[in-house]
Amino acid sequence: MFYPKTPFLGNSLLESEILKANSARLPQLLEWLCETPRITTYRVNTLRTSVAAYKSELEAKLKSLLGSQAPKVFGMSELPEIVCIAPLPSSEEIIDAKLKHLIVDTSCGAALLRGAHIYAPGVLAMETGTQIHELVNVFADLKGKCKRGTATRYESTEKVFLGVGKVLMQRYQLYNNDKQPSTGIAVSMQTNVSGVPALGDLSSSDALLQNLPSIACVRVLAPQPGERILDMCAAPGNKTTHIAELMTNEGCVIALDNSASRVHAMQSKLVNYSCIEAHVFDSTRAHDVTASSSSSQPPFGSHSFDRILLDAPCSGLGNRPQLACHIKQLKLLQSYPNIQRRLFAQAVPLLRPGGVLVYSTCTVTEAECEEIVAWALRKFPQLSLVDATPKFGAPGLPNPGLDASQCVLLQRFGPNKEEYAVQDLDTVGFFIAKFKKIANI
């Protein structure tokens with residue numbers, strides 16, 4: 001059965017940019033990016049409920065949905081606020097030739113491999129005559145050539161079988177009303193090839209669906225009650241709320257994002273956190289040497305914050321599974337380190353001496369990870385690289401700008417699981433570096 005071994009189909013130039021100093025590791029990385037993380041993690045809001053209570057609630061919900069097939073639910077002592085859902089037992093998926101075909105794009109396909117159902121906008125093609133409650137074979141179109149609304153079977157050597165779904169909407173509901181497009185679940189996934197339970201998103205005010213490295217990232221920041229903390233690129237607000245929870249909602253968390261629509265979308269998550277102040281503001285202009293360090297509005301003066309999280313805009317190439325890379329142009333891929341350096345240059349003067357800066361990305365390129373760390377240490381002598389504890393992932397990759405003792409202080413989540421500090425993790429690609437400001441220069 002065909003399945004991609006690289007997200008960069010036919011684009012070897014982009015592939016070659018990912019790991020220049022560690023090119024021998026590239027084939028393993030590319031294949032890993034196409035695979036699905038099999039463990040699902042929820043971060044419990046410990047200001048509202050206990051982990052034990054949420055675990056019991058989740059187990060009951062899974063049992064009601066899946067009966068005796070309900071997967072194991074477990075916690076992690078290293079991250080006491082999370083609850084994990086194990087994958088279903090592995091079984092070989094065989095394509096039933098009697099079923100009709102349904103086509104989705106690669107973005108929708110990646111989501112359903114992680115347990116999502118298919119919403120109406122995600123259905124590219126449905127064969128004529130497909131009925132409500134009929135089972136269909138679901139495929140992803142890797143090349144993006146399938147036209148929305150296609151009524152005949154879409155034939156391609158580059159479509160990937162994802163699983164079997166039950167149809168909840170017919171063609172006329174999906175394609176015959178351009179003025180008011182259909183919403184809601186169009187296909188309920190019954191099985192998928194990844195083994196991740198098809199549960200949809202069970203997020204609530206009590207717990208949030210979140211990737212493990214993103215949760216670990218805030219633990220590395222280690223916010224304390226009463227501190228003043230800046231989240232420079234806060235949307236969609238998941239790490240922001242985690243910071244507030246670890247601070248027991250005491251202190252001040254300033255959340256910035258340059259998109260008004262993203263900040264507006266965050267508000268429903270932030271409403272119960274009195275310590276969070278969200279602003280629409282471009283963090284590349286967050287520092288103003290003339291502003292007071294006690295200012296409550298951006299831009300902010302020097303030494304305004306005890307800790308800063310710079311979860312920078314990035315290429316997003318750590319997302320898994322990637323059936324096809326969303327970046328097509330080399331110029332776009334090469335643009336991210338520039339914005340990351342500009343944000344870094346704003347963060348350093350905003351941090352108080354003795355303060356902590358955590359830099360993180362959900363990508364795997366050396367240029368956005370290890371090379372940014374090497375640049376920062378050259379550019380800002382007042383910064384010291386410190387151990388990004390608690391450790392979960394592997395050390396950083398060897399890099400000409402860093403020595404071995406520095407690489408081991410970093411955390412990189414990639415395919416080299418044997419190097420992880422915590423074994424048996426199956427995560428997205430991610431990178432974390434932690435700095436301490438040792439002087440005011």
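Residue 1 is the first one shown; counting continues down the chain.
A Cβ is built for glycine as well, from the same backbone N, Cα and C atoms used for every other residue.
TrEMBL names Cys233, Ala234, Ala235, Pro236, Gly237, Asn238, Lys239, Asp257, Asp282 for binding S-adenosyl-L-methionine. Of Asp206, Asp306, Asp311, the residue it gives for the same site is Asp311. Separating the Cα atoms of Ala235 (S-adenosyl-L-methionine binding site) and Cys362 (active site, nucleophile) is a whole-number distance of 14 Å. Separating the Cα atoms of Gly237 (S-adenosyl-L-methionine binding site) and Cys362 (active site, nucleophile) is a whole-number distance of 15 Å.
Cys362 (active site, nucleophile) sits 13 Å from Lys239 (S-adenosyl-L-methionine binding site), taking the Cα positions as reference. Within 10 Å of the C-beta of Ala235 (S-adenosyl-L-methionine binding site) there are 21 other C-beta atoms, taking all protein chains into account.
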